[in-house]
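Here is the structure we will look at.
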Amino acid sequence: MKTIVLLFVLVLVFALLVKMGMVEAEHGCPDNEDECHEHCKSIGKSGGYCVGPHKQTCRCN
């Protein structure tokens, strides 16, 4: 039962991160912030930028 609850919480956290516009590094970060920006625009956001300790996460706004 604990395993199921933990799995549910992890899925919920992941879904919230996606909903907040955090997308993993495959969208140009950290080397090409313009690619991140264009990706975010392509999904209906106003743009995006690379964030995190090593700027590996594309955050859409």
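FYI, residue positions are counted from 1 along the chain as it appears here.
Cβ coordinates come from backbone N, Cα and C, glycine included.
These features come from Swiss-Prot:
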- 1-25: signal peptide (SIGNAL)
- C29-C50: disulfide bond (DISULFID)
- C36-C58: disulfide bond (DISULFID)
- C40-C60: disulfide bond (DISULFID)
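Location within the structure of each feature annotated in Swiss-Prot.
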| residue | record | Cβ within 10 Å |
| --- | --- | --- |
| C29 | disulfide bond | 24 |
| C36 | disulfide bond | 27 |
| C40 | disulfide bond | 21 |
| C50 | disulfide bond | 21 |
| C58 | disulfide bond | 26 |
| C60 | disulfide bond | 21 |
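The disulfide-bonded residues close to C40 (disulfide bond), defined as a CA atom within 10 A of its CA, are C58 out of C29, C50, C58. The two recorded residues, C50 (disulfide bond) and C58 (disulfide bond), have Cα atoms 5 Å apart. Secondary structure at C29 (disulfide bond), taken from DSSP and collapsed to helix, strand or coil, is coil.
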